[in-house]
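These come from TrEMBL:
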TRANSMEM  12-28  transmembrane segment
TRANSMEM  48-67  transmembrane segment
TRANSMEM  79-96  transmembrane segment
TRANSMEM  102-126  transmembrane segment
TRANSMEM  138-159  transmembrane segment
TRANSMEM  165-186  transmembrane segment
TRANSMEM  217-236  transmembrane segment
TRANSMEM  283-302  transmembrane segment
TRANSMEM  308-334  transmembrane segment
TRANSMEM  346-363  transmembrane segment
TRANSMEM  369-392  transmembrane segment
Amino acid sequence: MGQGTQVGRMRLIGSLSAGQLIGWGAGFDMLSVTVRPMGEALGIAQDMLFGGLTLFMLILAFAGPSVGRLVARYGARSFLSLGAMVMALGLVLLSACQGPVGYFAAWAVIGLGGAFALSNPAYAAIVEREGGGARHAIGLMMIFTGMSAGFAWPAFTFVVENAGWRMALLLGAGLLFFVAAPLNFFGPGPRPAETAAQGREAARMPLLLPAREKRRAFVLIALFSTAFSIVGFGISPSLIELLGLAGAGPALALWLASMRSFLSISARAADLFIGRSDDPLPAAFLAGCLPLLGSVVAVVLAPSPAAAVVFVLLYGFGSGMGAVSRAVLPLGFFAPGEYALMAGRIALPQNLATAVAPLLFSLCLARLGFLAALVAIFLLTLVALMAVWGLFGLRSRVAAGAGT
């Protein structure tokens, strides 16, 4: 790889990583810090305030297919930049709100901007320039974006304590408008009319899927992504309680839960530097095995601290690898030019699951208990594994048919 290509790739990954870090930190993670003073100022209960995040994810879900079509047709970078500016507008509206109507209207604007600025469009921008070999660039970007809360929480806490929550939201809006939006537009550079990645597309595609098999591949990838989203996002808000029921004391449960983000980022790094193949299926299969095994071990060992430790280790690594797998699985079955469209369609069930999973899981844990929650984790990861196994079989059938 030439030096110019390396510099271009570093600029691509660096600019998009910074844009995603700001977007998720200012447009999503900030609520964990601002929710208490906002509730006191607006007279709104905290659980109702967190409904803003649910609305945010629902809009991401329903806008996903349309955003995918637009990105596939016109390219990602303009929409990434526009989305950051719309999110900035939403934060300005949120900083000025005086009651529930203004609050949720602002979150609707933030969600609309996030549909264009966060996750899938950024992955599509990489695929436009890297083609079928974009897996490792996406994985590298996800290492940095996984740190968004670690940067956002202390920064917003400092501003809230010294200048108030409204000023903190305006700071986030400024970062989105004046930093993230330009980075999203100028960092990737224009989408080439005929990229070198597209020229290598045929070489990277090991087989050509017939239309019927494409539909099957899409359903299986969407099934994996949806099941893993429920496991990954559903457990997080209740993780401390779950670990306590597994046998960890309050201090240990808090420490183990705080380690989850570190384990997730470590798993993404391991997937990047150990899994050098462009084939995403082995990593996806391993990602499903880890939390499934963790749920079994927790049932066998609970109640004991060992059950909590083993579970959070396997769940943390598995959820980190699963996040990368959700992003890159379409590259294994669709041409790079189809990535944005397919990822946008997959975003609908995936983000719907993300929106409702925390509530469903907390209800399961509260009303049915610890064992039922672990059974739910086991069954969901089993569904994800069956989807990956189905993708293995689909690929083998098509490859065998192509060889005859």
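Cβ atoms here come from the backbone N, Cα and C positions, even for glycine.
Annotations in TrEMBL come from automatic prediction, not curation.
When each of the listed stretches 48-67, 79-96, 102-126, 138-159, 308-334 is scored by C-beta pairs under 8 angstroms to the transmembrane segment (217-236), 308-334 comes out highest. The stretch in closest packing with the transmembrane segment (165-186), judged by the count of Cβ pairs under 8 Å and taken from 12-28, 48-67, 79-96, 138-159, is 79-96. Ranked by Cβ pairs under 8 Å to the transmembrane segment (138-159), the stretches 283-302, 308-334, 369-392 are led by 308-334.
Nonlocal intrachain contacts for the transmembrane segment (283-302), taken as residues 6+ away from its ends with a CB within less than 8 angstroms of a stretch CB, comprise 224, 228, 231, 245-247, 271, 275, 308, 310-315, 317-319, 321-322, 324-325, 329, 370-371, 374-375, 377-378, 381-382, 384-385, 388-389, 391-392.
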